[in-house]
Structure formats: C-alpha cells, structure tokens
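Q: Straight from Swiss-Prot, here's the annotation block:
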CARBOHYD  ASN16  N-linked glycosylation site
TOPO_DOM  24-385  topological domain 'Extracellular'
CARBOHYD  ASN183  N-linked glycosylation site
CARBOHYD  ASN273  N-linked glycosylation site
TRANSMEM  386-406  transmembrane segment
TRANSMEM  418-438  transmembrane segment
TOPO_DOM  439-455  topological domain 'Extracellular'
TRANSMEM  456-476  transmembrane segment
TRANSMEM  493-513  transmembrane segment
TOPO_DOM  514-541  topological domain 'Extracellular'
TRANSMEM  542-562  transmembrane segment
TRANSMEM  579-599  transmembrane segment
TOPO_DOM  600-607  topological domain 'Extracellular'
TRANSMEM  608-628  transmembrane segment
COMPBIAS  694-710  compositional bias 'Acidic residues'
Amino acid sequence: MKNLISIILLILIFFNYSKFVKSKNCKIAVLLSGDFSDLGYNYQFNEARVKAESILKLSDFSLYYKNLDESEELSEASFKDAIAQGANLIVVASSGQTEMGLKYAKLYKDSDIYWIIKTSARPVDYLPKVAVLDFNTDRAHFTLGYFAGKMSKTGVVGFVSPGAYIASNGNAFYLGAKEARSNITFVTTFTGSWFNPEVAYKAAEMLISNGADFLGMSQDDMSVQKAVIDSGSLGLGVTGYPTRLIYGSANIGLSYITDWTDVFVKYASHVINDTWPDSDYYKTSLNPGGSLLFDEYSYLVPQSIRDLVNNEIEILKNDDFNPFRCNPMYIDLGYKLDVNGCISYNEFEKNQQVLKGDKYSKTISFGTYTIPIEFVDYSSSMKLGITITSSICIFLCIISIIIVLVFRTARIIKSASPAFLFLILMGCILIFIGCIIFSQSPNEGTCRARVWLLSIGYTIFLGSLLVKNWRIWLLFDNPKLKKRSITNWKLYPWVAGILAADVLILAFWQGLGNIRSESRIGIDSLTKYQYTNVCSSNDQGSIALYILLVFHGIKLLVACFISFKIKVVDIDEFNESKPIASSVYIITFCLFIVIPLMVSPQSVTSQVTTICVCAIVTTLISIILLFGSKFYKMITQGAALNQTFASSSKSSSFSQSLEKKKTGEEDDSESSEENGKKAIVVTQQSVLAHFSSDTEDDENETQQIDEEKDEQIAGSNEDIIQPEENIEENNVSVIQSKRLSNQLNGEVEIDSNNL
C-alpha cells in the first residue's frame, strides 16, 4: 500500500512538473524552389506550413522563402535570414537546395536548430538534428504511367524531368506504361531545372510533336501539362495538388496528391516537446499516413480503365512490391539483378540512364532541351498595312504627275509652276518609299536607306514648296514696282542648296554615326528566348540626327512664315497660302509627336508604326490640299479656266475692263464731278499673262514682246478714264500679275514703265 501511494505521488509530481516546465517555441521556415502560388509542389509545402502553425497554435509566425532555384546568392541569403530570425525548424523542400541545407546544418549542428531536408539518403556527416525527407514518388509515377499507357491513342508517351540525375521517375513512368501496353514508345527530355515554366512548356511541345499524347513529369509547376491540355489531350496531375480544381475534370485525367501537414505537425511537435528523433528518415508511400494519395478520375476516363488502375494502386500499397526496380532492361544499363530480378533501391535512385527498351518497345531520349532563340519581326499586319497604304499613295502621286505633265499648259496648272509641282510629287514618292523601307526588318542597308529617303523626300517636298511660294511673295510684296526677274532656273539652285545641306548632314550622320543593325533581347515584352533587330548608332550619329531634326524644323518655320506673307495675294491661282499653311501645320504637329518618340524609350514597334503613320498621313493630306482643288477645278470648269486670273480685288475688274477694251468694247468708267475726282487719261495695253515654256530662247521672247507693243500702239487711240484713287492700285496688281505670269514661265521681264 505504501509503495502504491509512493508511485501515485511520483506520477503526480511528474505531471505537475511537466505542466510548469515551459515548452520550447517552434518557428518554422520553409525554403521553396518556386512560388507558393504555383498550385503545385511549392503550394502544398506552404499549405502544410500554414496548417501546422494553426493546428499547433504556434506563437512565433513561421517564415517562407520562394524562388530559391533562381540563384545561389538568393538561396544563401535565405538560409542566413531564416537563422537570423530565429527559425528552429527549417524545411528544405527543394532538391536543388539539399547541398546548401546540409552545409548550414553542419555549420549549426551544435545549435538548437532542427532540419527537414529533402534527399534520398542520409548525409555522410553525422547530423542527428537532420531528418531526411525521401519524397519517393516512384509508385505514383508508375501508376500514372500505367494510366497513360491504357489511355494513349498514339501508343507514344513521354516524360519531362530536370535532368539525368532524376531518371528514376522517368523510368518508373515508362515501366508503368509498358505494363499497360507492351509495345509502347517512350520519349523523354530534360529541362535542366525543377522550375522553369518556359523551357518545360516548350520541351513538352517538342515531345508532343514527336507523337506523345500523355506526358509525365518531375517539375514543380504544371507547364508540361498545360502544353498537353493545349494539344487537346488529357493532362496528368503530377505536382501534388488536385489539379482538376484548376483545369477542370475534362482536362485532367488523374492526379496524385501530396499532403505534408502530418509531417510538419509531427516534427514541429518533436521540437516543442524536445523529443526530436536523432537521424530520422521519412519516406513517402501510398499507405495511410504516407503523404501520397490519388484524386478522383476525369469523367472522360472509361470505367474499365478506372478499375484496372485502382487494382494497380492496391497492389502498389505493398512496399515490398517494386515493379519499377525489377525489370531485365536494367541489365542493359550495366546493373546486376538480385535473386528477385531487381536492382537495389539505392541503385535505382542513383541511376542516371534512361532504359533502352526491348524488342517490343523502344525509348527515345532527346537529351537536355534548350529553347531555340527566336527572331521576332515587326508584326506582319503592320508591315502589310504600311506597304499597301504607301503603294496606293505612290500610285496616286504617279497619276498626279501624269496629269500635271499632260495639262501643264492649263491656266490652273501653269500658274502653280508645273516644274515645282513635279518636284513636290517626286519628294512625296520618296517619302512613301521611305515608309515602306522603315516598316521592314532592320538591317544595315535599311537602317541607312530609310532615313535618307525620308529626309531627302521631305527636303524636296518642303524645299520646292518653300521656294516657289517665296517667289510669289517677292513679286507681290513689291509696292514700288521694282523690276524683279525670278525665273524657274533662278530658283532651282535654291532648291539644290537646301538639298545639298540635307545631304551634307546625312553624310555626316552615316560617316561618323556607325549606323548598324543590332540584335536586342528584353525589349517590347520579348522573353529571354526572343530577340529582335533594331537600328543603332553612336553618340556622333545621335548628334547628327538631332541636327537633321533642327534643320527640318527651320524649314517648317520658314514655310509657315512665307505662307502667312502670301495671304495678301489677291489672285486665286497664285494664292496657295491656305493649303500650304494647312500642310505645314499638320507636319509640324506630327513632328511634335515623332521627336519625343525618337529621344525617349519606347517600344520599337510603336516607334516605327507612329513614324510611318505620321509620315503617310501628313504627306497624303498635303497632296490632297495642294492638288485636289486644282484637279477639281479642271474637271468642273475646264482645263483652260480663268484666262485673266480671277481676283477678289479691284485689280481683277480693271484687267477685265482692259481686255474688253482690246476686243472693241469701250469702258465708260468716267469719274463723276460729284466726287470731285480728276480724270486721268491712260493709254491701254494688254495685260494678259502670256505663258510659254522655260526653254524658249531669247529670240522668241523678244518677238513676243514686240508683238505686244504693236498691239499696244494700235489700241492707243482710245483712252480709259479711271478715278485717280484706283489708278495706282490697279497698275500695281496688273503689273504684278503680268510679271508673275511671265516669270513663272521663263518670259522676259516687262518693266512697269511700259504701262
């Protein structure tokens, strides 16, 4: 009795002591290969962390580190940070971090830090605080291979894995498929990483192109299965997450699931209770508590196949049954089979060779897959659109040139100087050709040609427009009626001078700028496996380009000034101020769009599109403004309209009265005595504009002037009476009209003293 009481007291003392002894805190840190949002391998580990924290009501919040496979520096920094923040249960969930995990476990083996490290065998060093997590998915892969073999319509299945060091999973998948279909063909490739979605997807596409309709994988995300689903076949859930919840039962045939919650709770409890099992080893299995199980089938899977697969799963729950290790094909890899016809588990895990197949089935290994670097050109729609639009505009320019040449003697064309109209249209054609070249893929030739064509095209276009209207301004801005002889041949050197300045700047740009085509990656939303060509130059080339822009800007400003000055011209055929001003303003507006694009970082495709569209739109609108009204008047009023050049002022009526006088009609315009105006007698002479070719010689010109003088003498018998206030104004307008008409067409200048 006394002994019984003593035992009870000891038990009570023990439990009371345990209650008062403060338990250890457990702070979990999980190191992941990728992002926990992958709804796959990393998601399952992170979910187990969260659940364990909730179940155990841990006071210290746990930690997680993601994407550690991206760089060794990031991985090492994560280990250091976890230790610095007081984590005492560190879970290394990535095989890629196993070596570094063992390194830090060795460094801190005397510290109160415990480790769960994913690997297949105990480390060589004695590290009692390290629990090995042998994530053995061989049975799961064998089962999925069996399912794929039964479901395959092509008789070809495949496998994508990080590398040859993980060949065991692929061999298990192949042997499962061969168990289901003896003549199966197996194709495989490696990605070089557990987590590289781009490479995994492209590798899967490559296997699918070789006939595979079901693919297994050892990847931490679903990129491989996305490629399978995109090809129209059923994917397999191989990340540990019930992927039918993401892609739907119609797309996922079967998934295996991993649930690590029990593992986290188990080892965290050991840390809290200070009951850590030295050098522990945890291996996954299909048995209850083994962390592996299968999700439900897709409704597209026939019941007969479901029954066969379920049967196989039940057999595989026997840990002594290892069909993935027991096959004569291992002999071809240099292994010896034991009495049961199997290789050892260690040999199976460390094997880095793909099985070679037998007389019934074959295997094809494509080795490590690398994504070929892909050239990304400008979009075909953009190139086609700009090319077609520019070609149509070139056709319109050619038609306009033909019209100008055919109807060059028509008053409306002749008054605008056909030679300069021709130059303007040629400049526009160069601009449109430059736009076509600008939209093509850059190379050394196109990088130079597109700038040359656009710049020279605009120089000829604007230069001709500027010079021909500068002549109009000089002739009409002449209140003292000074004799000014400005023929086309006197204007051509000015156009040539402007063009020479442009060519000089372009030569400097090309000679010193090192203009070239370069291949670039990482621009325009390109992936690291894509590149495009862009035009490039050095600093001297950039300076020359800025000078070129300033040069064109000055031309625009001068053109704006001249278009403003010729607004006062009251003869419609010579007054092109409105279309010129509109053209210049539109070009200037677009220039304020193009310049910022050229000096600021923008999408290359956007730059090209904007520049080409602005060039086409401004040039086309300018053509319509400058030539549309002329052609319309020729169609509606005839080619020889406005024999005396219509004017909105008194000069026009005076010209008409003089013309009537010449044909025998008398002008009764006498000044009235009521106005007290002095009558002035004026000798009438012909003031009609006479047009002739610029190529006529001086003899013909002299003869024409003599004939005009004879007509003036013959008509001098009658006087024209005009009010004094009208005489000076009318004389100015008439003389300017006559002078401009003659000079536009190469005739000899007539002095105002002849009137």
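All positions are counted from 1 along the displayed chain.
Backbone N, Cα and C define each Cβ position, glycine as well.
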Q: What is the average pLDDT across the topological domain 'Extracellular' (600-607)?
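A: So the average pLDDT across the topological domain 'Extracellular' (600-607) works out to 74.
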Q: What stretch in 386-406, 456-476, 542-562 has the biggest tally of Cβ pairs under 8 Å against the transmembrane segment (608-628)?
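A: When the Cβ pairs under 8 Å are tallied, 386-406 comes out ahead.
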Q: May I ask for the distance between ASN183 (N-linked glycosylation site) and ASN273 (N-linked glycosylation site), taken between their Cα atoms and rounded to an integer number of Å?
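A: ASN183 (N-linked glycosylation site) and ASN273 (N-linked glycosylation site) have their Cα atoms 55 Å apart.
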Q: Using DSSP, what is the helix/strand/coil residue split across the topological domain 'Extracellular' (514-541)?
A: 3 helix, 12 strand, 13 coil
Q: Helix, strand or coil: which one is ASN183 (N-linked glycosylation site) in, per DSSP?
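A: DSSP call for ASN183 (N-linked glycosylation site): coil, neither helix nor strand.
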Q: Report, as a single number, how many Cβ atoms besides its own are within 10 Å of the Cβ of ASN183 (N-linked glycosylation site).
A: 12
Q: In the same chain, who gets a Cβ under 8 Å from the topological domain 'Extracellular' (439-455) while lying at least 6 residues past its ends?
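A: Residues 377-378, 382-383, 386-387, 430-431, 433, 502, 505-506, 509-510, 515-517, 533-536, 545, 548, 552, 608, 612, 615.
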Q: I'd like the per-state residue tally for the topological domain 'Extracellular' (439-455) from DSSP, helix first, then strand, then coil.
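A: Its residues divide into 12 helix, 0 strand, 5 coil.
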Q: Ten-angstrom check, please: count other Cβ atoms within 10 Å of the Cβ of ASN273 (N-linked glycosylation site), all chains counted.
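A: Other Cβ atoms found within 10 Å: 12.
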Q: Under an 8 Å Cβ to Cβ limit, what residues of the same chain, 6 or more beyond the ends of the topological domain 'Extracellular' (514-541), are close to it?
A: 198, 371-377, 441-444, 446-448, 603-605
